[in-house]
Amino acid sequence: MIPHVLPTYNRADLAFERGEGTWAITADGTRYLDLGAGIAVNALGHANPDLVAALTEQAGKIWHVSNLYHIPQQEKLADLLVENTFADTAFITNSGTEAAELAIKMVRKYWDHKGDPDRHEILTFEGAFHGRSTGAIAASGAEKMVKGFGPLMPGFRHLPWGDMEALKAAITNRTAAVMLEPVQGEGGIRPLPDADLRLIRALCDQTGALLVLDEVQSGMGRTGKLFAHEYAGIAPDIMMVAKGIGGGFPLGAVLATEQAAAGMVAGTHGSTYGGNPLACAVGARVMEIVTQPEFLSEVNRKAGLFRQKLEGLVAAHPEVFELVRGQGLMLGLKCKVAPADLVRAGYAEQVLTVAAADNTLRLLPPLTISDAEISEAVARLDRAAGRLDV
Ligand SMILES: Cc1ncc(COP(=O)(O)O)c(C=O)c1O
């Protein structure tokens, strides 16, 4: 008999009743060190008092207001996003997938608005993940996501990840956009070198194609910059944000330059819940915290400490791990064993991690993780790996 919850997930036999900072706690009080943070979502830790206050304060006033009216909390969040990024404008969504959908629509509308509606090919990369809507799976093209869901939305061409020669050969002055994650998340914590990101920007500039960056997983301080593309000193035309921006409350956004958003006039897009007061009150508070310079310098300091300890872990278990990669607190351990086995061994040591493609174990802890918790995390990962040592 089919379960009452549609069985689309492979779930661990675990449930959490509450959380405290970097800890997720079961009903019987067992404490798990959370290095997954809901897959890069709980950026400021579980039950962060600032975010609880922002949410409950707003909850006592008004929960939902239609976008038929002004929503001051949404305007405040948009102001913070625009002031701290390349963007001139923001549309607030409830999730990363919705942000991807709008980004794709915005690209198409941009060219339509310029009088060139047939210019709609978007170049994407193998290993990409932009969500599970029909548009987002077509953008990814991965067999495991698209199988059985055809006919797929047309307009995407998939290139090998990081293959700049393939991109140079594919991009033309008929290309509508290039869309990618600066650090692939689901694809296995694979950062694109800064030089490649700069080359992609230059190729877009030469051809007129829009550059669309998906920073749903890599954004909001995760890599030690507010957004990962800042390392390369470039800016996109359109960017998707989600996950960490809500600190655990469903929230996303599409940011864009005025030029890229030129076609998105009244009536071209909308959402009942997107930009609601509850989500935006939390998101604005997250932005205020993450944009403090000392917050990001602490992320970088802790990332250095974590990474150094992980190098030691890899050296101690050469049969289990191959290498450490990633940026900031978006870390991956490329494994020689199946990462799912390590995730399971982690449960036995009360540490939560997340598997990704390319045989990689993902470590995406709350950005507020303490030095002591980093040491504890590595001790637990060491014991977990010990369970798989051959
Ligand atoms: C890079 C990236 N884009 C988009 C998404 C989709 O976001 P959501 O699950 O909030 O719809 C994800 C989710 O993992 C992601 O990592």
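Glycine too: its Cβ is placed from the backbone N, Cα and C atoms.
Marked as pyridoxal 5'-phosphate binding site by TrEMBL: Gly96, Thr97, Phe129, Asp214, Glu215, Val216, Gln217, Thr272. In sequence order, His130, Gly131, Asp214, Val216, Gln217, Met240, Val241, Ala242, Lys243, Gly252 constitute the residues six or more apart from Gly96 (pyridoxal 5'-phosphate binding site) in its chain with CB-CB distances below 8 Å.
Annotation for Arg132 (N(2)-acetyl-L-ornithine binding site): spatial neighbours Thr97, Met145, criterion Cβ-Cβ under 8 Å with sequence separation of six or more. What TrEMBL lists as N(2)-acetyl-L-ornithine binding site is Arg132, Ser271.
Marked as N6-(pyridoxal phosphate)lysine by TrEMBL: Lys243. Take the CB of Lys243 (N6-(pyridoxal phosphate)lysine) and look out to 10 A: across all protein chains shown you find 28 other CB atoms.
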Contacting binding-site residues for ligand 1, chosen from Glu215, Gln217, Ser271 when the Cβ sits under 6 angstroms of any of its atoms: Gln217
Least surrounded among the binding-site residues, given as Gln217, Ser271, when other CB atoms within 10 Å are counted: Ser271
Cβ neighbour count (within 10 Å, all chains shown) around Asp214 (pyridoxal 5'-phosphate binding site): 31
Between Phe129 (pyridoxal 5'-phosphate binding site) and Ser271 (N(2)-acetyl-L-ornithine binding site): CA-CA distance (Å): 22
Number of Cβ atoms other than its own within 10 Å, given for Glu215 (pyridoxal 5'-phosphate binding site): 30
Under 8 Å by Cβ from Thr272 (pyridoxal 5'-phosphate binding site), counting only residues of that chain that are 6 or more apart: Ser66, Asn67
